[in-house]
Each structure stands twice: as structure tokens, then as C-alpha cells.
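Data block below; observations after.
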Amino acid sequence: MLKFQTVRGGLRLLGIHRSSTAPAASPNVRRLEYKPIKKVMVANRGEIAIRVFRACTELGIRTVAVYSEQDTGQMHRQKADEAYLIGRGLAPVQAYLHIPDIIKVAKENNVDAVHPGYGFLSERADFAQACQDAGVRFIGPSPEVVRKMGDKVEARAIAIAAGVPVVPGTDAPITSLHEAHEFSNTYGFPIIFKAAYGGGGRGMRVVHSYEELEESYNRAYSEALAAFGNGALFVEKFIEKPRHIEVQILGDQYGNILHLYERDCSIQRRHQKVVEIAPAAHLDPQLRTRLTSDSVKLAKQVGYENAGTVEFLVDRHGRHYFIEVNSRLQVEHTVTEEITDVDLVHAQIHVAEGRSLPDLGLRQENIRINGCAIQCRVTTEDPARSFQPDTGRIEVFRSGEGMGIRLDNASAFQGAVISPHYDSLLVKVIAHGKDHPTAATKMSRALAEFRVRGVKTNIPFLQNVLNNQQFLAGTVDTQFIDENPELFQLRPAQNRAQKLLHYLGHVMVNGPTTPIPVKASPSPTDPVVPAVPIGPPPAGFRDILLREGPEGFARAVRNHQGLLLMDTTFRDAHQSLLATRVRTHDLKKIAPYVAHNFSKLFSIENWGGATFDVAMRFLYECPWRRLQELRELIPNIPFQMLLRGANAVGYTNYPDNVVFKFCEVAKENGMDVFRVFDSLNYMPNLLLGMEAAGNAGGVVEAAISYTGDVADPNRTKYSLQYYMGLAEELVRAGTHILCIKDMAGLLKPTACTMLVSSLRDRFPDLPLHIHTHDTSGAGVAAMLACAQAGADVVDVASDSMSGMTSQPSMGALVACTRGTPLDTGVPLERVFDYSEYWEGARGLYAAFDCTATMKSGNSDVYENEIPGGQYTNLHFQAHSMGLGSKFKEVKKAYVEANQMLGDLIKVTPSSKIVGDLAQFMVQNGLSRTEAEAQAEELSFPRSVVEFLQGYIGIPHGGFPEPLRSKVELERGKTLHIKALAISDLNRAGQRQVFFELNGQLRSILVKDTQAMKEMHFHPKALKDVKGQIGAPMPGKVIDIKVAAGAKVAKGQPLCVLSAMKMETVVTSPMEGTVRKVHITTDMTLEGDDLILEIE
């Protein structure tokens, strides 16, 4: 202690002498020492390099960047006026530590001054000296001061000499583990290792017991060596739960020293600052005075020049302890700038030019605190995985900005590649407000605006910090993160758009992922087309339509003796059985036969509905061309289409003029009869479609969608009176023909008699047309009952394309009415030939045939009420997802979903809504009761939400309550996506897929699964295989501690990984023997890459 007292006195006198004589320097002396700087090089990278470049540009100074081979694409080299490669062939970090290269670039390019930034060489005295020796100014303290402050032990001695309190610690860097043991024996645990020649959390380890001592010493030494080029460490007593307060100082060449108040850097993880605040909240004014006074005193003691930071720990009793001086600009200098309005980089450059602080208008009495500033370091670390660094390509970057927000960044842009070689800092966000709560509110708002996709970030964690009551109260210490585990209860990002793009990109590159359960191949035999007579086909009902118009056509239908048939084989039949996949080619082949032999048909349904969509999306055909070509081949029989009211042939409501124009063009290209329906029987949508079809000159066939059972007195919602009321409105609206559209096949013979006879009695002159599906197997009986009750037309399909979820058999109806007043006039023999053709044609579509998973119809349709086409699709989907055995559950859920939604009429698109909800319930194991009870928390399918919003109309009886009120109806979240291009394969087996999303270019990387089969990649650890140890994060292998055959205990170190200058020890999760080691030293790994196997 006597030695220190003597040194303190001598150094103090020197400091007093300098400070007392400097102000006396004449103006002439100052002018002689003033040397303007014209070109500055930043010996650093990333955001700090750009920060200095911007300051230089503001001062009219030319800028020079240096960059490593790995940083060729980094933004800092693009922001400088000149940029030069350094460290060719060196490791990424070593490139920025290679003093000869940096000095060479400076001298060859007439650089006046070098700014070291922070980290790397910023606190290396030999670098400051090398600059001075080369005649290049070092923007920072003198080499001697850098040396003294960089040596933590000497800095500690100087602090003691200046009368500044310090934490108990070693007098010099330790050289062995034995010395660490001796210190621990003297002062007890906990202790802390610190790098003697750098900071920023590198080379720092807290040790709580002798068992941790050796491993912590080795890791701290290794980290310090890698980060600063020197692994020297010193040891201190670790003060528990202190506040970490640092004071910003600024000095010039004339002995002037001032402070710019303090920053609170207590919120730390692994001794690395996460959030910084200026000024420190609730700091006792007397303590502030002592901290700032000691900082200035220490700076004067050493003759400090330029910017620096004096760091202290403040214990719970208000006692402060000096820990170190950072003789450089700090990462968190920004918050000091915000509250003092002093540009520290400007000041650094001016001081290096030889200007004094008073010349710059910087006097202590003029420095005032203005409000509060908070800085958050947004990093590419995953807080859910112990802050493991994440690497990869930033697919989306959108920042938070606005009043009171400052952003300092370099790598934060779309397309930037985050490598494991450097620090994980992505962007510094600085918020400034009138006080601590205001600044916190601004910061919280800014972070909420950020969108970063492609790499994980710590933003969710930072948001939790900002919402923490202890933080808002300003009472945090260095144990804040460790003592608040709720900070790690992270709210997952929805990331809807990017997930959708990844799915679309995967499908574009690798094709659909849903396996087709059908292994059947198309039939090798082409269908045989029956003989067709030479000459034009006989006249048919279309001739009447062309001659007498829609009204005359309707009269002819009503006056016709016998039952008329509509053939659905060209549309609804193959939609129900073959997923609408029949090509125009196969329709055209049989079309002439139909024209010559079935001229007595009422119509052929061959267009509309899903046909339009499937032709374009899957068959790559033009649906308009199909209509034109079939019209040429079948000129005598009316064509009929399905028009979904205001939806036309789509799945959403279109503008009125679109529907009108569509009907007009359809009529011009050969369409005759428009069956207009709405899935909810919503009259406004029906009337729109009817008016559009009528204005186009077509036959209007208004359809009432049927559900329930009019013959069951217990089913009161959809009663006979309900259907009769709808019929009245449609007839008043001017329909030419009235249709009952029974899309699920629910019409039983008794109900047919009741409904059709009532309609016939009420509307004796109106043609009645009945449509059904044969899912239950009772379709023929139902259609015969309708005909006997007064129906004019019923729908049928070719025998080989009928039954199950399709329409009833044409042959059966023809045979059953033959020789009766209902005789169809269709020759039965021709029906057989027609069926033979379609039997052959059906074989061409074996991969899409519903019979692969569905062997028969099912009478349970009377309970579940699933429409025919949807029944087929749901059955197919269940088998595709391996849920074939659970199809019964899907059907049961369909019933419950229908009741939840208020017992809907189920036809596209309402049937899809019920189906989506049913599958959602099955996938999540929800009953109706559970789904309704949890409705406020569940994320229901979009189709269900849009239904409850009224997108497709208002259902009969209104919307279901309280379900509708509970479901969050999110509006304004429409995504407009356009696929643009797919790139060639890269070395990693990926293709870049480009999209336009809401008008902005987006791209994602998608693995080409087929190409990767031919490429070699490091194996991944399988989570379900015990003993396979995977890399917990991307990184480089710097040490392997075991070999094959070695015995390992649980918790024993296996290897050491380095990523972003931080080292992580991978330990064994189990006891056993190492079977195989899959890594080598210096190997670069990705997350989950297989390290070794233990048995």
C-alpha cells in the first residue's frame, strides 16, 4: 500500500501540472498543432464503421473502408468512398487484427487518420503505436494511455493511485490456473475472469466453485486470445447484483477533461450489454457526482485524450468500485449523444486534429442532461435456445422508425447474409424521450414494427424486457435477466406471409407434398368410340331455343310429354368421381355420338362450377376453348352451366359488372341454360346471377339449394314452407325454369313427392328441374318419385359414370320409364354404347378415381349431409394424410361443425367452410363443446372467419351465436402474392424462389429435395435416436475433447464450438461410450449437424 501511495502522489502531481498549465497555452501554439484531417480510414467493420463514415461525410472528410474476404458483400465497404481488401487468406477475425495490412492500406492511400471503432484493434497499444510510427494519426488516446488502460492490472493501480475505489483483484495478469486457485482461496467465490486486453464480454467468465474453475479458465483464455490476440486474464472478486454504471469522458491534447454523464448498462447477458440507458434511473445525485468526479480525476491522472469510458460497479449500498477504462468509443455511445446533443465522433475527429474542447464549445458547465435515451441491441440470437447465434439469409427486413427513434446498422437489409464469423449485432435501436417511461414506450413501439425473417432475433425478448415492471421502474441490476425467467416466455411471431411463401416455394421447386394414395396407372387402352352416322345430327331442344327464345323454350319443356333428362357426364359426374380431371380431348371424341343419338335430351351440363378452375390450374386448358369446340360438335342439344350467383365460377364474390360480362361472353360462345344458385340461398346473390344470365339472353334456371328433410316434422329450419317461400321470390324475379338442387342426395322419395307436388300445384306452368347425387344409393327411386309428382327434368349420368357421389344412372331411368307416360324417348341400346365409351375413358384417369379409396355409396349421408363432390374429396384427403381409418371421425366432426355454424345449406363454398372446420376439429382433437368453449383463443380456418364476417352472404336464420361474437374477425390482412422466377441450383442444393408480395420483391431459399439426393452433406443428428449429439448452433469446431471408444460421463465436455466470437462447450447428455466422432477441428457446422454418437 505504501508503494501505491507514493505512485498515486507522483501521478497526481503530474496530472495537476498538466491541467494547470494547459489552459495557459497560447492561441499560436494551438494553431501550430492543429492539422486538419482530409481522409479517415476505419479499421473496423459493420455499423460502427458506417457511423464513423457518416460523421466524416458531415465534416467533408473522405472515407476509406477495409474488409475481409468474408465481408465482400457487406454494407460498410459500400458506404465508404474507397474500400480495400485486407487479410487475404486469413481467418475472418484475424483479417481485422492484421496490423501490417491495415497500415499498408493507410500509407498507400494517403490516409491522414485511422479510427479503430470498437472491438478488434481498438484497445491495442501496438496498433496505436504502429499508426503513429507510420505518420498516421490514431483517433483515440495516445499509445501509452491505450497500453495503460488496456492492461487491466495497470489501470487498476492507476485508479488506486488516483484515490478511486476498486474491487479486490490480482495485481497482474495471471499466468496459470494455480494462481486462480490461490486467489479463490484468499477471497472465496464467486470470482470473475476478465480479459486483460479487451472487453465486450469476451474472455469473461464467472466462477462459483472449484469444480468450474479449470473449464472457465480455459474458455476465458481461449476467447480472449481469439478476440484480442492476447489471452492474458486477471481475476477479481465478483460483486453480486450490482448496477453497472459507466461514465463517458472526453479529453483533448491540452489537458481539458470533461464528462458527459453516465449510462446504466446493468441489463446484461453473459456479461455482454443488451440494453443501455442514459442517464441511470433513480441515481442518487451525490453518487452521480462521485462517479463523474472520480472518472474525470482518473482521466486527468493518466493524461487522457479523446473519448473513453470509465466503468464502475455500484453495490446495493451505493458504494462504487472502478472496474476498467475502455479507451475507445463504446457501442452504447449513442444514448449519451441523444441526451447531451454532443456528437462524440465529431468530437473525436476534431480532437485528433488538435482542437481543444473549449474551441468546440464543450465546457462542463454547458453539458446538460436532456430527457432519457434507451438503446436496444437487436441481435441474430435465439432467446428460446439460450441465445444461440443464428445464421443465414435475411429474407425480410422492415425496421421500426418514427419520432424519437434512431437506427445504427450495417447488415440489416433484405438479402443480407449473417455469417457465424462475426458479432451477432444486427441493428442498434435508440429511443429518446422526455423521461424513462416515454423512451421505453417509443422503443417498444419501434420494436413492434420490426419484421425480420430468415434468421432468429432477440426482439421478442427485448419486448418482454421493455414491458417488465422492474425495468419500467428503473430498479434493474446485473442479475435482472437471470432473476426474471418470465422474460423468456416469448410470444411466437405469426410470420404468416413468409410461411406461405415457403410453402409455395417448396411446391414450386419440389412439387406437391401430399402423397397420392392411388398407385393405379392410367389404362393403356384408349376408349372405343361408337359408330356415328354420316350427316348432320337430328334437331333437338336447342333448335326450339334458337327459334322461340327462352320463354318459348320453357313452354316447350313444360308441354313435353314424358320425362326429360339432363346428362351431367360432361361436368358434375366427372367432378364427383374423377376430381374434374377429364380433358377436352376425351369429351370431344364422344361429342358427335351424343349429338346424333341423344337429341331428345333437355340439356348437357358441360361447363361452370369447378370445371373452369381445374381446366386452367391443372389441365392447362382454356375453358373457353372447350366450350367453343363442344358447341361445334353438338349444335342441337342445349348446353347448361352452373353459375354460383355473385361468385360466377369462382369462390368469392365478384363485382357485378364482372358477373354480367362473364354471362354475356359465355352466351356468345355457346352457353344456353344458366343454372343459378347460391350456397346459402341468399336472395341478393341469386338475383344478381339471374339478372346477369337473363340480360345475356340465356335461359334462367334459378336453383334452390336443398338440405334437411321436408318430410321430417322434427326438422323445422328448412321446412316445406321455407322452400315454397323461396320459390315464390324466384318466380316473381322472372326465372324461366325452377330447379331443386339436392347436392348431397338427401331427397327421399316421400320428400320428393311432398316438395315437387307442392311446387307443381303452386306453379302449374313452370318447368321443374331436379338435381341430386346418388351417395345413398336411392337416387333412381328419388328421381322417379319426382317425375311422378310432376317434375319435367331430372339429372342423370352415363351408367359407367353414375352412382356413388355422382348422379343416378341414365340407363336405369330410361329403362324404368320405358313404355310409361314418363318415357324419355332415349334409346336404351345407345345408352349402353355410351356407357361403354365412358368405362374405357374412366380408366385413363385411374389416379384420380374415387373408387381407389371409396368402394361404394353410403346411406350415412342422410346424417352427415356431405355433398357428393365434397364427400369424395374428403375421403381422398383422409387417405392421403394417413387418416383413412378415421374417416368416420371426420364425418362425425362434419355434423358437429355444421351444427356449430347454424346448420347451413351445404354446397360450394359453404360446404368447404363446414369441411374446413370439421378437419380443424379432428386435427386438434376438439369436440363441438370444446371448440365453442375455446372459440376466443382458437385460430379458426380463414374460410370460417370470413363466413362469420358475412363474406358469402347471410345464412337462413342468421349467424350462430355466441360463436360469431367469440371468434376474432381479423380484417385487412389480405396478401397479394405473385410467383416470379426460380433460380438455378446453388452449392447448398437450394434454389432461390422469387415472389412479389404486396408489391415488394421477396425471395426465399428452398432445398431441392431431388437434387440433394445426389449431393453430399454432413449428416444431421436425429432427435429420436438416443445417443446422437447434434450441434446446438452453427459454428466452427475449435476443440474436440473425446475420441471414439472413450468413456464419457453425463455433463462431460465433448467439444467446443465458436460462433460470433463466443465459445460454447457441448456436453454429454448421458453416460456411455463414444461410438463414432463425425467432426474434425476447424470444421464448420450448421445447427443440428451430427457431432458424435454415444452408446
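Every residue, even glycine, has its Cβ placed from backbone N, Cα and C.
Noted in TrEMBL for the protein shown:
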type: ACT_SITE; residues: R328; note: active site
type: BINDING; residues: K152, E236, H271; note: ATP binding site
type: BINDING; residues: D572, K741, H771, H773; note: Mn(2+) binding site
type: DOMAIN; residues: 36-486; note: domain 'Biotin carboxylation'
type: DOMAIN; residues: 156-353; note: domain 'ATP-grasp'
type: DOMAIN; residues: 563-832; note: domain 'Pyruvate carboxyltransferase'
type: DOMAIN; residues: 1026-1095; note: domain 'Lipoyl-binding'
type: MOD_RES; residues: K741; note: N6-carboxylysine
type: MOD_RES; residues: K1061; note: N6-biotinyllysine
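Recorded features from TrEMBL, shown on the structure.
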residue : record              : Cβ contacts under 8 Å, 6 or more apart
K152    : ATP binding site    : P173, K194, A195, A196, F234, E324
E236    : ATP binding site    : V167, P168, G169, T170, I191, I192, K194, I323
H271    : ATP binding site    : G201, M204, V206
R328    : active site         : P116, G117, Y118, S122, E123, G140, A307, G308
K741    : Mn(2+) binding site : R675, F677, A703, I704, S705, Y706, H771, V907
H773    : Mn(2+) binding site : S576, D742, M743, A744, G745, G779, T805, S806, Q807, P867, G868
Neighbouring C-beta atoms (10 Å sphere around the C-beta of D572 (Mn(2+) binding site)): 30
For the domain 'ATP-grasp' (156-353), the mean pLDDT of the predicted model: 91
Listed in sequence order, residues not in D572, K741, H771, H773 with Cβ within 8 Å of the centre of the Mn(2+) site Cβ atoms: T568, D742, M743, T772, D795, Q807, G868
ATP site shell beyond K152, E236, H271, criterion: Cβ within 8 Å of Cβ centroid: G169, I192, F193, K194, A195, M204, F234, I323, E324
Residues K152, E236, H271 [recorded ATP binders]: greatest CA to CA distance in Å: 16
Secondary structure tally of the domain 'Lipoyl-binding' (1026-1095) (DSSP, helix then strand then coil): 0 helix, 38 strand, 32 coil
